[in-house]
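Among the features that Swiss-Prot reports, (3S)-3-hydroxybutanoyl-CoA binding site is placed at 76-79, 86-88, Asp117, 196-198, Arg235, Asn240, His245, Arg284, with the record citing experimental evidence. Per Swiss-Prot, the feature site 'Important for the stereospecificity of catalysis' maps to Asp117.
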Amino acid sequence: MTWLEPQIKSQLQSERKDWEANEVGAFLKKAPERKEQFHTIGDFPVQRTYTAADIADTPLEDIGLPGRYPFTRGPYPTMYRSRTWTMRQIAGFGTGEDTNKRFKYLIAQGQTGISTDFDMPTLMGYDSDHPMSDGEVGREGVAIDTLADMEALLADIDLEKISVSFTINPSAWILLAMYVALGEKRGYDLNKLSGTVQADILKEYMAQKEYIYPIAPSVRIVRDIITYSAKNLKRYNPINISGYHISEAGSSPLQEAAFTLANLITYVNEVTKTGMHVDEFAPRLAFFFVSQGDFFEEVAKFRALRRCYAKIMKERFGARNPESMRLRFHCQTAAATLTKPQYMVNVVRTSLQALSAVLGGAQSLHTNGYDEAFAIPTEDAMKMALRTQQIIAEESGVADVIDPLGGSYYVEALTTEYEKKIFEILEEVEKRGGTIKLIEQGWFQKQIADFAYETALRKQSGQKPVIGVNRFVENEEDVKIEIHPYDNTTAERQISRTRRVRAERDEAKVQAMLDQLVAVAKDESQNLMPLTIELVKAGATMGDIVEKLKGIWGTYRETPVF
């Protein structure tokens, strides 16, 4: 069933042609439009106006109702009328104790979920006393080497009452092992713990470039995380398949959406090869997207993603459980849009991006601090960012009605166009040999780089306005702003604890277990998670584990693409 009978559609199209020729034509002689053509950030043409004729061919069942397949209007029947989105401001700097204080501050301000950023050594699997870590310990995230660090990070936080998200990828399974070990040590029922580990390694090869091992063993690690969690962490999201970093690397919103779903397909294929049915693990798959500057395009993107995901899971993978077809996503406002000139304007940018995320049906949200173009956000910036979410939730009324932009001719037309283009890209990926092959060939990387270059040219020419940068520019010789300070004692404090853990552990036991881990890694039918959990309990460091597996897997070196 479609929106309109063909005769009514034809009448509307005729009426619009008449309007263009008469009212529009006459008015343009007096007041020309601002530019010849209008496009979204993602290069979708934008018409002057939209009517029911523009969505006449969209099946009504593709729009549907919230909480009903294909979930275009939202994954749940009551959405924010029952519970508003999780307000999950990210934090991470210094040692576990330092970040723990920020967590507690944000919780006291009304935050409802925890999100953690890690420093570069932790992300790349180096201990804090490794030469490669020099100058980086705790600088751009929290340093985590051992289970003792995880204990400090989450001290006095009830893990059964608040969900914890870890933004980490190549070494994600080790962080998850520490989290599980901590949960067991505290006596929690693991099936009551909720949260997310990002663990999306494929987008690292595409965009963020934080990887350790070659692609095949890295995808195996993701498989092991998902299969272990499906059996042992029933409420935990074992992966956050991320378009955010693809966007921040310079992609279009369409590329962000399509490339993320290409990665999804690869992961689901790998897990189902183990014999696990999609309904056994898909209900806990989660996603992470950006909310960019084009308000209506972002809303349409989120709606189209839900529709595409539902169809992929049902039609391609044979999902029968509706929970396997609901796309749930965390959203973050676009860090790449933040500016140093006139930095307080970032509050307005972030507010609009947050609103589009909410109107697009996000399950959790991080709003960027106004100072994040300079450094890690200060407490004041994070409080302002959190208050932004709270005002949207409590004062604006947008949380009181589900999918209020549903039925908008423009939004519905753009949603359907997004769906069409996403599936076209996915078909092209299949024809070219699949996601992994195209990563190895640099196809995704080149697509992202080309769009990023086009965007840079548009900013440089002024075709893409950026207030304070190429429009309404002020002469600011020195921008004065209080930024988050780096504590120069961080590395010393962190390294001291790591070395203490090494000194107190049973070294022979740890080395024997590391040798066992090599055997498990060589046997792809086995899962790395159980032994990794025992290793961190025994005092093994992240660096111990990562370096041991480099011995059999090696490291990844990207082939440059021009």
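Yeah, the Cβs are placed from backbone N, Cα and C, and that goes for glycine too.
Projection of Swiss-Prot feature records onto the structure.
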| residue | record | DSSP class |
| --- | --- | --- |
| Tyr76 | (3S)-3-hydroxybutanoyl-CoA binding site | coil |
| Thr86 | (3S)-3-hydroxybutanoyl-CoA binding site | strand |
| Asp117 | site 'Important for the stereospecificity of catalysis' | strand |
| Thr196 | (3S)-3-hydroxybutanoyl-CoA binding site | strand |
| Asn240 | (3S)-3-hydroxybutanoyl-CoA binding site | strand |
| Arg284 | (3S)-3-hydroxybutanoyl-CoA binding site | helix |
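Note on proximity: among Thr78, Thr86, Gln198, Asn240, the binding-site residues of the record, the Cα nearest Asp117 (site 'Important for the stereospecificity of catalysis') is that of Gln198. Sequence-distant neighbours of Gln198 ((3S)-3-hydroxybutanoyl-CoA binding site) (same chain, 6+ apart, CB under 8 A from its CB) are Ser165, Phe166, Thr167, Ile168, Asn169, Ala172, Ile239, Asn240, Ser242, Phe288. Cβ neighbour counts within 10 Å, taken over all protein chains shown, single out Asn240 as the most crowded of the binding-site residues Thr78, Asn240. The local packing around Asp117 (site 'Important for the stereospecificity of catalysis'), expressed as other Cβ atoms within 10 Å of its Cβ over all shown chains, amounts to 18.
Ranked by how many other Cβ atoms sit within 10 Å of their Cβ, the binding-site residues Thr86, Thr196 place Thr86 at the bottom. Taking the Cβ of Tyr76 ((3S)-3-hydroxybutanoyl-CoA binding site) as reference, residues of its chain lying under 8 Å away and at least six apart in sequence are, in sequence order, Pro66, Gly67, Ser82, Arg326. Remark: Arg88 ((3S)-3-hydroxybutanoyl-CoA binding site) has Gln111, Thr112, Gly113, Ile114, Ser115, Ser163, Ser165, His330, Ser364, Leu365, His366 as non-local neighbours, by Cβ distance under 8 Å and separation of at least 6 in sequence. Sequence-distant neighbours of Arg284 ((3S)-3-hydroxybutanoyl-CoA binding site): residues of the same chain at least 6 apart with a C-beta under 8 Å from its C-beta are Ser229, Ala230, Lys234, Arg235, Tyr236, Asn237, Pro238.
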